[in-house]
Amino acid sequence: MQADTPKGCFVAVVGPSGAGKDTIMDAARVALSGDMRFHFVRRIITRTQMPGTEDHDSLDEADFARAAGEGRFALHWQAHGLRYGLPKTLDDEIAGGAVVIANVSRRVLSDIRRLYTSRSVVVISARTEVLAQRLASRGRESREEIAARLAREVGFDDGSGDVVTIDNSGEVGASTKAFLYHLHEIAVKTIA
């Protein structure tokens, strides 16, 4: 949990499947490599590495449950039949003044808002037809499953005032530039 006087900031990246969260975060990670003000969190997931999926650490269900029980996660949640966790070490990064960036589920936004006084929620979105096309190109779901997934999507801005939305329907370069601009703004405010 974050101290009362935070030095860094937690940036929670959310958005629907197919919006391009990993693509934008990967590009930002490359652009910011070597800049110690920024730390991209590597998620821990109960799934083995597969081509075409995000780079993550894997734990089986039993080891994940044990790690959660031992308090080794800053946050953890369940989605799409898998369990996801963020390592507790991210709190040390924030305490040290870093802008910590993590891909999270909207289900944990209330926990993030409760635990981290210095935070930003970045919603990566795209038009529905763009999402459908991207999900279809992955080849992991049927047309019906994609339609059901898109029907479940809801808005992410709940009026709390900490949300920035980036529309990634077009060129990913423009979306990445907007994301980097936001991260640099946070870093300037954090250091000031």
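Each residue, glycine too, has its Cβ placed from N, Cα and C.
Per Swiss-Prot, ATP binding site is recorded for GLY15, PRO16, SER17, GLY18, ALA19, GLY20, LYS21, ASP22.
Listed in chain order, the residues near the ATP site other than GLY15, PRO16, SER17, GLY18, ALA19, GLY20, LYS21, ASP22 are ILE124, ALA126, LEU131, ARG134, ASN168, each with its Cβ within 8 Å of the site Cβ centroid. Using a 10 Å radius centred on the Cβ of GLY20 (ATP binding site) and all shown protein chains, the other Cβ atoms total 24.
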